[in-house]
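As structure tokens, the structure follows; a few thoughts come after it.
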Amino acid sequence: MIIDRVEVETINSFSKSELFKEIYGLIWILPIFALLLGITIEVLVIVWLEREISASIQQRIGPEYAGPLGLLQAIADGTKLLLKEDILPSRGDIPLFSIGPSIAVISILLSFLVIPLGYRFVLADLSIGVFLWIAISSIAPIGLLMAGYSSNNKYSFSGGLRAAAQSISYEIPLTFCVLAISLLSNSSSTVDIVEAQSKYGFFGWNLWRQPIGFLVFLISSLAECERLPFDLPEAEEELVAGYQTEYSGIKYGLFYLVSYLNLLVSSLFVTVLYLGGWNFSIPYISFFGFFQMNKIIGILEMVIGIFITLTKAYLFLFISITIRWTLPRMRMDQLLNLGWKFLLPISLGNLLLTTSSQLVSL
């Protein structure tokens with residue numbers, strides 16, 4: 001069999017193109033794996049921080065045996081939950097029972113797609129980035145409601161209903177605050193919102209232009225995370241453990257992962273929307289600029305941007321953890337009254353005021 005030279009070149013070019021496609025596919029997956037690794041490390045750090053801060057507030061020692069300074073305590077807890085038996089309710093809806101925690105975790109992980117951790121360091125710079133986050137975060141309570149309903153337990157079902165009611169009550173004022181920020185920035189892209197705050201440094205933060213919206217967003221995001229004083233869906237004095245009463249093993253651990261992931265996402269969005277994101281906010285002269293090291297400058301700016309973003313996020317994390325271990329739990333009627341009778345009118349008034357000021361400035 002004789003093969004023409006043209007056919008050989010065609011086969012070689014085809015094989016090269018397929019090889020390049022495979023290499024490109026692997027390169028495209030690398031940032032996702034890097035982001036997942038970073039999220040895992042961040043969650044472990046948050047768990048350790050909460051244990052240490054709560055121990056300091058309550059004048060306890062805190063974790064100290066699992067690794068140096070108790071740094072491996074979260075890994076030990078996760079390993080213990082992974083090895084525990086996965087018990088299923090005999091009269092529950094098993095498919096929904098198994099899918100519920102996964103829906104909650106996946107919906108929160110998708111929120112990281114639009115979070116810019118640094119300059120040009122975002123997986124998806126979408127024009128509707130902030131509203132995509134709100135849409136995705138509203139899916140998590142559906143998973144919690146499914147978990148409560150499928151457990152065939154009145155405490156679990158009550159906890160799932162509370163989670164859905166709480167999410168609806170605080171999602172609306174949260175959306176109004178985000179809409180006001182979008183009007184100020186003339187964009188719904190998270191990257192554009194951060195860059196719009198970089199014009200005047202520290203004084204260009206949306207925190208100073210939207211102080212009322214910042215407070216409403218702060219309270220609403222804490223309620224969305226279902227943390228004290230807003231942890232009514234899993235109040236142990238009333239509902240045993242809420243929607244997670246019938247869960248055990250790794251599925252029970254997924255609900256804790258949902259709580260910490262939600263807290264991390266909320267902290268990062270507070271940083272992006274109100275605290276200038278990756279911007280240093282203080283004018284400085286780069287040492288590498290004198291030597292015209294453009295590549296080094298780009299890498300250095302990205303690393304510094306990630307460090308600044310995480311530093312601001314951890315400030316919010318410290319505030320939320322301190323609030324959890326300081327304030328008592330609210331009643332369900334107080335929680336709903338705060339959302340519907342106070343935060344909703346205030347956020348709506350803030351949105352109308354922002355819209356009026358933008359129209360006057362035209």
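Keep in mind that glycine also has a Cβ here, set from the backbone N, Cα and C atoms.
Feature annotation from TrEMBL assigns transmembrane segment to 23-49 (among others).
Summarising the annotation, TrEMBL assigns transmembrane segment to 94-115 (among others). Long-range neighbours of the transmembrane segment (94-115) within the same chain, counting only residues 6 or more positions beyond its ends whose Cβ lies under 8 Å from a Cβ of the stretch, are 35-36, 39, 88, 122-126, 129-130, 132-133, 136-137, 139-140, 142-147, 149-151, 190, 243, 246-247, 251, 254-255, 257-258, 261-262, 265, 268-269, 272.
Residues or ranges marked as transmembrane segment by TrEMBL: 121-147 (among others).
The feature transmembrane segment is assigned by TrEMBL to 168-187 (among others).
The transmembrane segment annotation in TrEMBL covers 254-276 (among others).
Listed by sequence, the residues of this chain that lie at least six past the ends of the transmembrane segment (296-323) yet keep a Cβ under 8 A from its Cβ atoms are 42, 46, 49-50, 53-54, 57, 116-121, 218, 222, 225, 227-229, 263-264, 266-268, 270-272, 275-280, 286, 288-289. Per TrEMBL, transmembrane segment is recorded for 296-323 (among others).
Annotation comment: TrEMBL describes 335-353 (among others) as transmembrane segment.
The stretch with the most CB contacts under 8 Å to the transmembrane segment (254-276), chosen from 121-147, 168-187, 335-353, is 121-147.
Sequence-distant contacts of the transmembrane segment (121-147) (same chain, six or more residues past either end, CB-CB distance under 8 Å): 31-32, 35, 96-97, 99-105, 107-108, 110-115, 156, 159-161, 163-164, 166-168, 171, 174-175, 178, 181-182, 187-191, 193, 224, 233, 243-244, 247, 255, 258, 262, 265, 269, 273, 278, 302, 305-306.
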